[in-house]
Amino acid sequence: MGSREVLGQAARLASSGLLLQVLFRVITFVLNAFVLRFLSKEIVGIVNVRLTLLYSTTIFLAREAFRRACLSGGPQRDWSQTFNLLWLTVPLGVFWSLFLGWVWLRLLEVPDPNVVSHYGTGVVVFGLSAVVELLGEPFWVLAQAQMFVRLKVIAESLSVILKSVLTAFLVLWLPHWGLYIFSLAQLLYTTVLVLCYVIYFTKLLGSAESNKQQALPISRMTDLLPSVTRRRAFVNWNEAKLTWSFFKQSFLKQILTEGERYVMTFLNVLNFGDQGVYDIVNNLGSLVARLIFQPIEESFYIFFAKVLERGKDATLQKQEDVAVAATVLESLLKLALLTGLTITIFGFAYSQLALDIYGGAMLSSGSGPILLRSYCLYVLLLAINGVTECFTFAAMSKEEVDRYNFTMLALSSSFLGLSYLLTRWCGSVGFILANCFNMGVRITQSLWFIHRYYGRSPHRPLAGLYLSPALLGAFALSGGITSVSEVFLCCEQGWPARLAHIAVGAFCLGVTLGTAFLTETKLINFLRTQFGGSRLADKTS
């Protein structure tokens, strides 16, 4: 398959993922906003910080390295060895869930049972749900490698919606169940997620006429199970070594990704109520990142990994592939920069209004608006880092990944220390400031790698980080106008004033987007060609 065909598949996967995720996330957003009004800040802090950290740490340590290594394999690989390697995530997940569950129950502060009941059950069930999710890992990797459009998005979104519906129902009718509610909902989420993949492949492999079935490297469901033969090694040792390199990196990346939750959990710098408010704002602020940036990053990581030869100089590879990769990287950087700047500029003036609509006075008063405004700046850095690391991790050699691990080790240590100091100095905002510092260093590392990678070629993908003066002026003017509008129209003047404030923002946003459409013609052409063409191909397939 040529680089342009791979690009078309990646674009189709990303665009389909965006549309479906927006639809499902809107439903989940409404359900969560409804449930939030019936919960205390303390139970939100326990569920969203303490228990979710247990689940995410177990999942991340058990599977992240395996995913990256197995998605980097070539088309001629022995898939049975890849599946054998992926099944090792299950015993690894059991180990981590048992070890971390002991830490969560024995070493960490236990909440007051009169305020948050059934904490021990919550720890056990959240750990179990992580192991259940790992049972679907071979299916997930196969689906991603084959670029099955919509499967991942539908499976995850359906699971989240059912989890939210069950949570809302139980919170309304059985509020005294406490953490039983969220434990059952979490177990339902992981079970439905795995079943979606199992049912999809069962039906696909049972249809002999299916074009997708004919392209699969397996012919029956039992091919996905572990297998042992004397003719070959149990696993591909190159994949296994790459997995170990990624595991060291994933351990550090998990600390950087969830660093503030580790500081909150192990150092007790915030009480459970403040943790709950911070986590709600954090989730609300990262909504766009999950909706837009994550599908693009995951889809185009696969594109770069398939088009470029890992660890090989750009001048020694097929120049058409290198040129296509450079064009895609430049356009993705431009898209990330524009999206991040839009969120930063307009988010500053509309943070308080958004929190008041979403969660009422519990969020819109106190530190909530300051947290969300700070997070808008972090989203800009998050967007750029997602694109740069997506390319960097796909192009790095194993040795370069190992060297990068040392940088991540130093960064993770400084990040945790900085988080603790800044939080002591300026409260929960310190977590976001530390995250901004962390993301800035990671972006610098990736930009330096990209600059060296294309240094001896005629391509300059980092030009995507430059904007026209007219567009920068439109952003600056919009930021000033909306800030003045917030002072006079929001948020204690009633709904007519709020609607006027929204109208001002809509007008400024329209002017800014119009300026971008007129000045960033290269990006517009890329989006029309790739995402527009991918939707047409999806309709005709």
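Note: Cβ is positioned from N, Cα and C throughout, glycine not excepted.
What TrEMBL records for 12-31, 43-62, 83-105, 117-141, 153-174, 180-202, 335-355, 375-394, 406-423, 429-450, 462-479, 499-518 is transmembrane segment.
Here the transmembrane segment (153-174) does not touch the transmembrane segment (117-141). Their Cβ atoms form fewer than 3 pairs under 8 Å, with each pair 6 or more residues apart. Between the transmembrane segment (335-355) and the transmembrane segment (117-141), the number of CB pairs under 8 angstroms, six or more residues apart, is fewer than three, so the stretches are not in contact. Among the stretches 83-105, 180-202, 499-518, the one making the largest number of Cβ pairs under 8 Å with the transmembrane segment (43-62) is 83-105. Long-range neighbours of the transmembrane segment (180-202) within the same chain, counting only residues 6 or more positions beyond its ends whose Cβ lies under 8 Å from a Cβ of the stretch, are 47, 51, 55, 118, 121-122, 125-126, 128-130, 132-133, 135-136, 139-140, 142-143, 148, 151, 154-156, 158-160, 162-164, 166-167, 170-171, 174, 221, 224.
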